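Student: One structure is given below, represented as structure tokens, and several questions about it will come after.
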Amino acid sequence: VFSIVVFGSIVNEGYVNRMEETEEHCIFNRNHNACNYGITVGVLAFLSCLLYLALDAYFPQISSVKDRKKAVLSDIGVSAFWAFLWFVGFCFLTNQWQASKQEDNPMNEGGDAARAAITFSFFSIFTWVGQAFLAYQRFRLGADSALFSQDYMDPSQDSGMPYAPYTNEEDATDAVGTYQQPPPADAFDTETQGYQTQNY
């Protein structure tokens, strides 16, 4: 939301011209780099937010623990990076706004838009720092618990196996070595031929 305010303010009211001029110049000290920076950072930050919102929605479906860890680490890095860019933007826009000359904008057109862009650039610094901090807490929580394996348990890592592993007959005979063939049916008869019952 803050990034929309920043680039929207600059796009709508960030360019003014003198009475005798037809070409419009950036309201920030007639420095087109200041306006371009504000618009570029605002648009890219907005797209980055959309990307990470989609990643947050998709996060529970990521089955690989390594991919989950990479997603959280990238969230930390990107948030810290955007906090730095917004800090640079705030300093740059503030400096150029203070250096602006009254004769370049005698009617003070777009002054509210310029102040809004500067103010929301300042707010964005803390928003992205907070996002980086929350992502770091999420990473710490995942390292100490089962966050990176939430709703997913790798069977090879599961210590409590609910059933015995499958072994076929050849494996059983090789491993144990005590498997014997059952005696033939007529072997029982030959052993019992000499057996007689006695009456007491």
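Keep in mind that glycine also has a Cβ here, set from the backbone N, Cα and C atoms.
Annotations in TrEMBL come from automatic prediction, not curation.
Sharing the record's features from TrEMBL:
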type	residues	note
COMPBIAS	190-200	compositional bias 'Polar residues'
DOMAIN	1-140	domain 'MARVEL'
REGION	159-200	region 'Disordered'
TRANSMEM	37-59	transmembrane segment
TRANSMEM	71-93	transmembrane segment
TRANSMEM	113-136	transmembrane segment
Student: Using a Cβ cut-off under 8 Å, which residues of the same chain at least 6 positions beyond either end of the transmembrane segment (113-136) come close to it?
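Tutor: 2-3, 5-6, 9-10, 12-14, 27-28, 38, 45, 72, 75-76, 79-80, 82-83, 86-87, 89-90, 93-94, 97.
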Student: How do the residues of the domain 'MARVEL' (1-140) split into helix, strand and coil according to DSSP?
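Tutor: The domain 'MARVEL' (1-140) comes out at 109 helix, 4 strand, 27 coil.
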Student: Can you give me the average pLDDT across the domain 'MARVEL' (1-140), rounded to a whole number?
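Tutor: PLDDT averaged over the stretch: 85.
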